[in-house]
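According to TrEMBL:
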- 1-22: compositional bias 'Polar residues' (COMPBIAS)
- 1-73: region 'Disordered' (REGION)
- 45-71: compositional bias 'Acidic residues' (COMPBIAS)
- 120-140: region 'Disordered' (REGION)
- 217-263: domain 'F-box' (DOMAIN)
- 332-358: repeat 'WD' (REPEAT)
- 359-398: repeat 'WD' (REPEAT)
- 399-438: repeat 'WD' (REPEAT)
- 439-478: repeat 'WD' (REPEAT)
- 479-518: repeat 'WD' (REPEAT)
Amino acid sequence: MSVPSSSSNKITDNKPGGTSPSPIEGIEGVPGPSSLEPMHSLLAQDEESEDYGEDGEEEDEDDSSEEESEISDTGIFCDAECEPDLDSNTCSLSSSQPQSFPQRVHSPILHTCVPLDVVQPQRKRKSDTESSLPCKKLNPEDKSHSMIVKKLDDKSKHMRCVIPTKDNPPPEMSNWLLQFQRWSNAERMLAIDELIERCEPTQVRHMMQVIEPQFQRDFISLLPKELALSVLAFLEPRDLLRAAQTCRNWRFLADDNLLWKEKCRAAGIEDLKDLPQIKRKNGRNSGNCSSPWKQAYMRQHNIKMNWRTKPIRTPKVLKGHDDHVITCLQFSGNRIVSGSDDNTLKVWSAVTGKCLRTLVGHTGGVWSSQMSGTTVISGSTDRTLKVWNAETGQCIHTLYGHTSTVRCMHLHGNKVVSGSRDATLRVWQVDTGECLHVLVGHLAAVRCVQYDGKLVVSGAYDYMVKVWNPEREECLHTLQGHTNRVYSLQFDGVHVVSGSLDTSIRVWEVETGACRHTLMGHQSLTSCLVQISISLLSLAFSSTAIL
């Protein structure tokens, strides 16, 4: 950049014999040397106060160098004539001018270059050895290095004074976290153990507050439904019921029908068709808000708990047959039907225990009966079967055909199968009283019979159990194994369970006729068998019952 041509801004060389004008004289708006004396005195006072501490002792050289660097921030030192650059606050050197001008500094106050002697009078060196050292102000590289170091130290001190946060972490933390990520799992565990040992109680409590919510997350709601149900399937039914009380989403999952179907299957509940509908106390069906399999399980569970915990009510004594033997009992809903060897049947109320009506018509003792709804069928020693209306007490049909006592029968739908001491079985149409089929094959009195609508199973005093196809009047299998009379049967379409006077219970397979199991335990005749889900209740003359 060329030197300005204006005479007011021109700086002249010192000539012998002449006086040299002041470098700033003649500049418009710039005060003369006399007006700079107060500034000179103020700067001198500042330097004196900086050179001495509060106790009047002189500070170290390092402090003075820092103060000098602070003064140097006000301008750029140069040894040549320069022009002020008002935008950058620096001097522009003129390469065409000789390097013989006094040392100058750019003043941001005056917006021009002024001699250094005006701004900062030279100090006396402390010693001759120090005077031989180069001036830091005249060495730009040393000055800039010290300024950078000072600024970094100030920045580090400032960051350490600020409370660290997630947005403003300590500078060393990122390096530590990177190193932590490079470690193996064992190294991380060791580092965490060491970190916890060095923490104060307040810091450990802070860790607990941060970690605990991670274990309190609703992971079930975050999983897909199929995975959530797989997890809940491992719970016991009691725990599953408790889980349903947690929240709406857990209740929706815990009431899943397939989930409770598996629980029912584990408890031995295989079919829902024989289970009555469960109603709430207000009369509404609870199936609207719960799965059918859950209802079945709860009903079975409540029955078991009632038997175990609740006291049995005082039994009602039904008196009406006087001193005669009660030979058979049937019940349906709130009605109980009893048969006796006094030739009558009586219909009782299960709620009040009162006798509602007496069915009179047989001329011999009643030894067998079946009931469905309001229909009652009875078999007697008079060799007949009678069909009754339990509500009116009227005899609808009398079925003739057997030549001896009708000792057993089984009702299924609109058909009934009867067994007699004449060693035969007969299949009857209930609504018409017609005999449809006669099954002949036993060698002694038929004592028990079961019918599922397709097959007939009978047990007799000839020690045998027979499986029949009633439509073809054909014996499919003869199940042999008992060593005495067969008195009781149960049949579910797949298996036959028979009880005998030989005190044993046998389980047979209908398809093949093979004996799968022999159950021993009673000491006398097994007179009654009751199937409860997958369990079997057996009663014997020895006054014992085995489940």
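Backbone N, Cα and C atoms are what each Cβ position is placed from, and that goes for glycine too.
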Within-chain partners of the repeat 'WD' (332-358) [C-beta distance under 8 Å, separation at least 6 from its ends]: 316-318, 320-322, 324-326, 364-369, 371-373, 376, 378, 380, 388, 390, 393
Rounded mean pLDDT for the residues that make up the repeat 'WD' (332-358): 91
Beyond the flanks of the repeat 'WD' (359-398) by at least 6 residues, Cβ under 8 Å: 325, 327-332, 335, 337, 339-347, 404-411, 416, 418, 420, 428, 430, 432-433
